[in-house]
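Novice: Grabbed the feature section from TrEMBL, which reads as follows:
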DOMAIN    B:18-435  domain 'DUF112'
TRANSMEM  B:44-69  transmembrane segment
TRANSMEM  B:105-130  transmembrane segment
TRANSMEM  B:142-160  transmembrane segment
TRANSMEM  B:167-185  transmembrane segment
TRANSMEM  B:197-220  transmembrane segment
TRANSMEM  B:254-277  transmembrane segment
TRANSMEM  B:318-338  transmembrane segment
TRANSMEM  B:350-371  transmembrane segment
TRANSMEM  B:391-421  transmembrane segment
TRANSMEM  B:466-486  transmembrane segment
């Protein structure tokens, strides 16, 4: 068993510990009634049991492990997309939603996905127009505007 | 019941509702045709757009996406051998083999007709079965609801894939739902004094992230340009021999699909696989299966559409979603202020019967879209996916923001998008997480209420007859995967001994 295969079980164990520690100030029982900590503790115990069972099953080969990791290029593309998404979310309060989405789409198409500039800009204009007409005009969603206007 | 159905049709046939049913099935058709973007992702992305609509209109539109995607998935399966979703895998095998023999039109035709017949049959079953099941559901109390919700979650784990990982995903969903305040006492829980967390984790960013963003991230790993096989309108005609071969395949596929769809957790993928394998046994030409069997395509497509409708039965009658798509539909009801459960059919009869009637209308729209207009949709497949991916990401984040008008929702969507992507990579199924998130509140409330009723005694779960039956089913759902794993292991060992290894 490779170490990377333990990640799902380890994540569940960390989450279970977090739940147990995070609810430590709450009551398990309030008199005859199960308290606010009752269900979280049951879940934490169940998650620990399932995580340990998963580790055991993987170690003994009962559990088929099919990891499908991307190629280096694929991973770079996904990583760049995640970074662009983070930049998009961070820039929304400053630059506004529609301009940021337009910048994101253009950046993704031209720099990350290496598409032709003219077609990419056309696609960007279509997406920005769609968001403006559907969300701002039709649904009247108050999307953050450029520079907090 | 007929009176109710007529009222439902009156609601569904209102011009505004007709427009949104059409929009729903059209979006479903497109979403189903896009590889890597299934009905759950499509519904999740469109959910925020429904907030300005009447609840009945919103639910009709979202349901349209759910079953419309089953029709749309056929296009990519037949024309480029890339199923839009897992339920189209069998169609991708035989449908594409037919297309390579110059019979793409026939494959698309029989898929549309099979889906239509099975869809209409399933909607009739929904109309017939949901009311008595809802009446039965009125006998349920807290212990039964807890066990029913638990059964729904466990059933997903016992059917296909890794049961432990499915169960783990469900537990992650349940643990995420704990964040916020305790539903009974109002005590802040796992919110770490953060006002944003105090409101709890909203369903929309989770579902947009886990399905929408995660799917697009995974599809960006490999950008392939596949040219679809061309099809023309005149190729869509079926021969008499095709009809004779497929008529019972559609009936059998539809019946299997409906049965599987009703079962929590089974879903359209298992339905289509089961129908395909059954059809091979019944077929007069089983040797054609895998090489372009039209009866295999008919059965698989009838089954996946019937299953997507059948999943509405437990959702409408008991408030228990059987699949990720119905979980989103249920969440839409909750977000529109409607409480799901057995009372739904009585308290919101216009909505329920309107939804059922809309499924008849939507299937008719889809038949029209898929028979004469199939070549038009086939042309849509020529748009490179690479242009759609950034657009889907951008629009999904706008949708997430529109749902709450809070920038935190955008960050949460990103977080759950990355989590969903990692779940794909580590082969952890995502539907149990979403299903558990929807059922978490019902599970916790009913468990604690049950224990309150019994003064803390767990015997309440065995003392009540319905509860005892459900508990037996829960234990069976827990043990079934264990027995299956032991049997698989034993068979593998025997095979190893047999081959001298």
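The backbone N, Cα and C atoms fix where each Cβ goes, glycine too.
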Novice: Check for me, if you would, whether the transmembrane segment (B:197-220) reaches the transmembrane segment (B:318-338) - at least 3 Cβ pairs under 8 Å, residues 6 or more apart in sequence.
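Specialist: They do touch: at least three Cβ pairs between the two stretches lie under 8 Å.
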Novice: Where does the mean pLDDT land for the domain 'DUF112' (B:18-435)?
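Specialist: A mean pLDDT of 84 is what the predicted model shows over the domain 'DUF112' (B:18-435).
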Novice: Would you mind listing the long-range same-chain contacts of the transmembrane segment (B:254-277), meaning Cβ under 8 Å and 6+ residues beyond its ends?
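Specialist: Apart from its flanks, the transmembrane segment (B:254-277) reaches 70, 85-91, 114, 117-118, 121-122, 125, 129, 151-153, 155-160, 289, 296, 299-311, 313-314, 320-323, 431-432, 435.
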Novice: Considering only the recorded stretches B:44-69, B:105-130, B:350-371, B:391-421, B:466-486, state which has the highest number of Cβ pairs under 8 Å to the transmembrane segment (B:318-338).
Specialist: B:44-69
Novice: Do any residues of this chain, six or more beyond the ends of the transmembrane segment (B:105-130), have a C-beta under 8 angstroms from a C-beta of it, and if so which?
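Specialist: For the transmembrane segment (B:105-130), the sequence-distant neighbours (Cβ-Cβ under 8 Å, at least 6 residues beyond its ends) are 1, 5, 67, 70-71, 74-75, 78, 91, 94-95, 98-99, 231-239, 242, 246, 249-251, 253-254, 257-258, 261-262, 294, 297-299, 301-306, 309-310, 312-313, 316-317, 345, 352, 356, 359-360, 363-364, 366-367, 370-371, 374.
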